[in-house]
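Positions annotated as domain 'ABC transmembrane type-1' by TrEMBL: C:95-307. Marked as transmembrane segment by TrEMBL: C:28-48, C:99-120, C:132-152, C:183-207, C:228-250, C:288-311.
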Amino acid sequence: MTQTMKRRIQTGVLYALILCVVVLSIFPFYYAVLSSFRSGTELFSSSLVPDFSTIDNYIGIFTAQPFGTNILNSIIVATSVVVLSLFIAVTASYALARISFRGRGLLLMTILSVSMFPQVAILSGMFELIRALGVYNSLPGLIIPNTVLTLPFTVWVLTTFMRELPKELEEAALVDGASSWTIVRRVFLPLMWPALVTTGLLAFIAAWNEFLFALTFTLSNDVRTVPVAIALMSGASEFELPWGRIMAASVVVTVPIVVLVLVFQRKIVAGLTAGAVKG
Amino acid sequence: MTLRQTLLATAVLSFASFGSAAAVELNISCGTVGKGQELCKEAVAEWEAKTGHTVNVISVPTSTTDQLALYQQILGSGSDDIDVFEVDVIWPGILGSHLLDLSPYTNGAEEDHFDAIIENNTYQGKLVAMPSYTDAGLLYYRKDLLEKYDLPEPTTWQELADTAKTIQDAEREAGNEKMWGFVYQAKAYEGLTCDALEWIDSFNGGSIVNAEGDITVNNPNAVEALDLAATWIGTIAPEGVLNYQEEDSRGVFQSGNAVFMRNWPYAWALSQSEDSPVKGKVGVMALPKGGEDGKQTGALGGWQLAVSKYTKNPEEAADLVMWLTRKDEQKRRAIEGSYNPTIVSLYDDPEILEAAPFIGQLQDTFSNAVARPSRATGANYNKVSNAFYNTVHEILSGKTDAEAGLADLERDLKRIKRRGW
Amino acid sequence: MTLALSASGAGKKSAHKSKLTSDRIRSAWLFLSPMLITLAVVAGWPLLRTIWLGFTDANLSDLSRTTFIGLENYYVTFDGEAYGLLVDPDWWNAVWNTIWFTVVSVGLETIFGMFIALVLNAEFRGRGFVRAAVLIPWAIPTVVSAQMWGWMLHDQFGVLNEILLTIGLISQPIAWTADPDTAMWAVIMVDVWKTTPFMALLILAGLQMLPGDIYEAARVDGVHPVRVFFKVTLPLIKPALMVAIIFRALDALRIFDLIYVLTSNSADTMSMSVYARQQLVDFQEVGYGSAAATLLFLIVAVMTTITLMAGNVKLSEGPQS
């Protein structure tokens, strides 16, 4: 009896906490959805009741500019960045985590130091490089610098995860004379799913949201990515902010991420084995 | 092959080769915002049809600071990615070294424009930009509220403060809790430089640095102006004004929650839009004088067109600039988009006056607008402006008083000046 | 005889082993090469260039006329007055702002992130939906969410003041981003809101790679869950947690866009990156700004090293047996 009571209270508390977290997380998004259905002076109202009075904002973002192309660009860039950086990072982190060689610590620090410069400081050097490579104002011109942005992070995370896996795993394979590449592919990859999906997702979002490079390295609307397209949306006059459209665009671009999470969350769960923490 | 065919083929060939040799492709950034960009695109299309060249209109960030950053990046690397730029009135000194001297291409057209603006666009003796339109700070007020309380349009800042206070208190008494007297732009950014310069200039306190490059900001008139402005925060202006830009103040004013607003001309059309709660209740006038012997003034804004020094097609680019800034085009822009022309004679044009009475009414404000010291301080202008608006921001938020603040500012400016601007 | 044989056998075995080891090391470098090449080519040049420019008087108006001026950007005396970054009060103000911001926001994000990860790790109905919902703040582009919050924090028509007024927590609207006392807290709040999902997701991934049998054993032994958390969970996920903290701290120390959009160049909230950007872009002082960026880099490096040492992270540690 008391046991069931206790369990019920625990469940109740758990759901209350979940509710809090969810409300706090999505409230600003809810507000964005509200604003996206408002126009003109209505936008200055702080009412929380949805009114859905106009869908002009949604029509506007797709007709006034190539927003569909922008979304496609973002998807291409972010996906390429994820694939590239995961590929490079998996091989590198296998070496860093499982093979002991001199200078490993130093190497890890050096990789980390790439993330220690403010983006704005490397902007002009990167700009020259992008122009020298001849990829200015093109999608590869965004993929390359973004990969460098996400790489240190992915390498570090994957290295940590690989290091945590027990030594016996590869020893058996080594005795069988398997090559390092086979070990990575056959032994580690299947175990790394949660880490791969998580880092991939975070890298995807980072590339999806990247703004400064995307703004500086593109000129024409049809190679621009979503954040730049949103930031460049303009009102009818100089100081006017097209709030409704910006919100509509934000809602539109957040949806793919949510879908992505819903699709991949099975994979995140796949790492979950029988005895996970229970309430 | 008959003779006719041969002739035809030759003609086609020569025409084709002529075409490919002459037709160039230009990139232009003009009008980042709706109406302005639309007008620009139309004019560009006309020029394309006339000359056979191709022009891509590029969209750039709406924030002027971000625009400048992007342009500096592109010009700083000597890239020819954008041929024609739209530049703010304070940029010729900053970007000047990367811009082409337009005087060989103007045929004297610059003489029709306001002298002050042409002078502003001259960098080291070179005309680096042609004016496209001009702007000045204006005072918006609620006609209906002034009538309701039977108060006159204020002529001095003190009167404005008193009127604002009276109406604000009375309206709050009547249940309009959110009512404020005066909203403007006091966030620590370029807009505050404009606002504060207007206050100081209206008290005859000069324009921070004079034309000869001497630092003049630390004077009793400027102290008086800023001390007065500091009393507004929390009394007639909400404390949040310290983080307001143009749109924040417009939001408050247009929702009907402010008696006065300082803003640029763009706010006029918006306040008259269909869904505006203050439609038909708004009046516009020049900003008040400092004191009895002060003067009416407004900060000079506006945009110019300039050509990159690194362009591959300087002739065509300059021709495009001349096309976009010529008299007919400025007239069209004034009529269709209420952009204030920079050509003096257009202020008497009956068609413009009919379409936008506003423009003629405030001609004095536009021609007497006070320029920010961007010419005198050249490439150091942004540092000067930054030091200035930070000081003013501190004075307004009560961290320091005007006398001490301006003395500090003078020392900071001297540090910036060091060996000269 | 037997002795010699076994000795030779051992020698053969170790020779085999060392060949294996050197093979492994060779393949390690082979595996590392794509990353090293990418980083060297794409990141190397801009980074070294920034450090170099820090020793010059480069100005954006004419980059071709750049001369080497040694340490003058850092410290120089001129006419009896000291100039340079090391004596610039604005710079040190930015440094302290950044450090304060980093410590508070990363601290809060770690606590909240851990909490959310534990919740998400539990089994309940609708977990997939909650996971997606929690990630939303991280998924909205910073440029947009900063503007969105700027709007919600607006003193006159912001929804936050509206709510607080309605439930009676405050008696009159607060100018969140304008008031020097609240501006930094507003920035911290938005940052915590935005990046907690990042922390939570990384910690969650760590939690899910934990072996389940430990918990089974703890449960059978009747150990209190809180004790299990501190004695078992925390030590086990520490490596993953440290990596998450380090990368969050690196981002926080370089914070730029959020502050820039919410409060722009205001001195109350100016961070090191905002300062560097102001010098590089607004003031065109490429040399001085690069020097600031280099100093920022050094400060970040020192702080990272301290964090790594404090967290007892061994960089050259091998796989656990």
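Using the three backbone atoms N, Cα and C, a Cβ is placed for every residue, glycine included.
Those TrEMBL annotations? Automatic predictions, nothing curated.
Listed as Cβ neighbours of the transmembrane segment (C:183-207) (distance under 8 Å, sequence separation of 6 or more from its ends, same chain) are residues 97, 100-101, 104-105, 108-110, 112-114, 116-118, 120-121, 134-138, 140, 142, 145-146, 149, 153, 176-177, 233, 236-237, 239-241, 243-244, 248, 251-252, 255, 258-259, 262-263, 266, 268-269. For the transmembrane segment (C:28-48), same-chain residues at least 6 beyond its ends with a Cβ under 8 Å from one of its own Cβ atoms do not exist. If one looks beyond the transmembrane segment (C:99-120) by at least 6 residues along the same chain, the residues whose Cβ comes under 8 Å of a Cβ in the stretch are 127, 130-131, 134, 184, 187-188, 191-192, 195-204, 206-207, 229, 241, 244-245, 248-249, 252-253, 255, 269, 271, 303.
Long-range neighbours of the transmembrane segment (C:228-250) within the same chain, counting only residues 6 or more positions beyond its ends whose Cβ lies under 8 Å from a Cβ of the stretch, are 102, 106, 109-110, 113-114, 118, 195, 198-199, 202-203, 205-207, 209-210, 214-215, 218, 300, 303-304, 307-308, 311, 313.
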